[in-house]
């Protein structure tokens with residue numbers, strides 16, 4: 001099994017962490033949760049704009065028109081898909097009601113799981129493609145996606161637990177949303193493999209960079225602010241950028257990057 005695929009699987013499995021936190025009865029600090037989302041956004045923004053996009057544009061045979069065009073395609077494509085999918089409400093992340101609720105709530109829980117699953121699928125592809133192109137960037141993206149998946153697990157397990165009263169069912173449904181990300185990575189592994197030209201890989205990287213920027217700006221940062229309105233999510237973003245930038249410098253100094 002390839003390292004990029006393992007990273008994708010681990011990132012997707014982080015959904016279970018959020019799921020278990022949601023059913024253990026321990027309220028996760030909103031401040032920590034919001035900071036982790038900002039931290040993940042910072043990692044994604046720095047990697048996307050300072051590493052992935054420049055590397056894609058510098059690839060042999062890649063034209064600026066194609067490179068920036070794919071970046072914009074990934075950006076707008078994510079925003080369009082995001083508008084069509086149901087969203088979790090931050091105030092529902094820590095819902096603790098254990099009484100089964102009406103069927104309407106069950107339907108909402110199913111739609112929420114479906115929406116997050118569809119949202120996670122391209123993230124799995126993005127993680128695999130990034131790690132396949134550059135392993136050090138793959139580690140960074142996998143970490144950012146894993147941090148992002150923890151509150152997603154919370155988002156799924158809350159309404160499902162409230163709708164069914166079953167911890168096992170809630171964890172199962174949260175796991176399904178995480179498996180969608182793993183499925184995206186597996187499909188990328190099966191379809192792309194090593195038989196892909198540098199130009200095609202660079203184009204995919206540019207599109208993935210656009211997806212990551214949109215995810216950070218449109219979802220992670222606003223969600224962090226909604227979860228913890230009393231603190232600025234920019235602190236987490238700046239910390240994520242600083243830590244990721246410092247780690248990349250260390251790797252390049254050591255001759256790994």
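Just so it is clear, glycine is given a Cβ too, placed from its N, Cα and C backbone atoms.
Some features that Swiss-Prot has for this protein:
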type	residues	note
BINDING	120, 123, 149, 152, 181	Fe(2+) binding site
BINDING	123, 148, 152	Zn(2+) binding site
TRANSMEM	5-25	transmembrane segment
TRANSMEM	32-52	transmembrane segment
TRANSMEM	61-81	transmembrane segment
TRANSMEM	109-129	transmembrane segment
TRANSMEM	137-157	transmembrane segment
TRANSMEM	171-191	transmembrane segment
TRANSMEM	195-215	transmembrane segment
TRANSMEM	236-256	transmembrane segment
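Cα of residue 181 (Fe(2+) binding site) to Cα of residue 148 (Zn(2+) binding site): a distance of 12 Å. With respect to Cβ pairs under 8 Å, the transmembrane segment (61-81) is most closely packed against 195-215, considering the stretches 32-52, 137-157, 171-191, 195-215. One residue stands out among the binding-site residues 123, 152, 181 for having the most other Cβ atoms within 10 Å of its Cβ: 181. At the 8 Å Cβ cutoff, the transmembrane segment (5-25) and the transmembrane segment (195-215) share fewer than 3 close pairs (sequence separation 6 or more) and do not count as touching.
Remote same-chain partners of the transmembrane segment (32-52), defined as residues 6 or more beyond its termini with a Cβ less than 8 Å from a stretch Cβ, comprise 93, 130, 134, 137, 140-141, 143-145, 147-148, 150-151, 154, 205-206, 208-210, 212-213, 215-217, 220-221, 223-225, 227-228, 231, 233-245, 248. With a cut-off of 8 Å between CB atoms and residues at least 6 apart in sequence, the same chain places 11, 12, 14, 15, 17, 18, 120, 178, 181 near residue 149 (Fe(2+) binding site), listed in sequence order. Between the alpha carbons (Cα) of residue 123 (Fe(2+) binding site) and residue 148 (Zn(2+) binding site) lies a span of roughly 11 Å.
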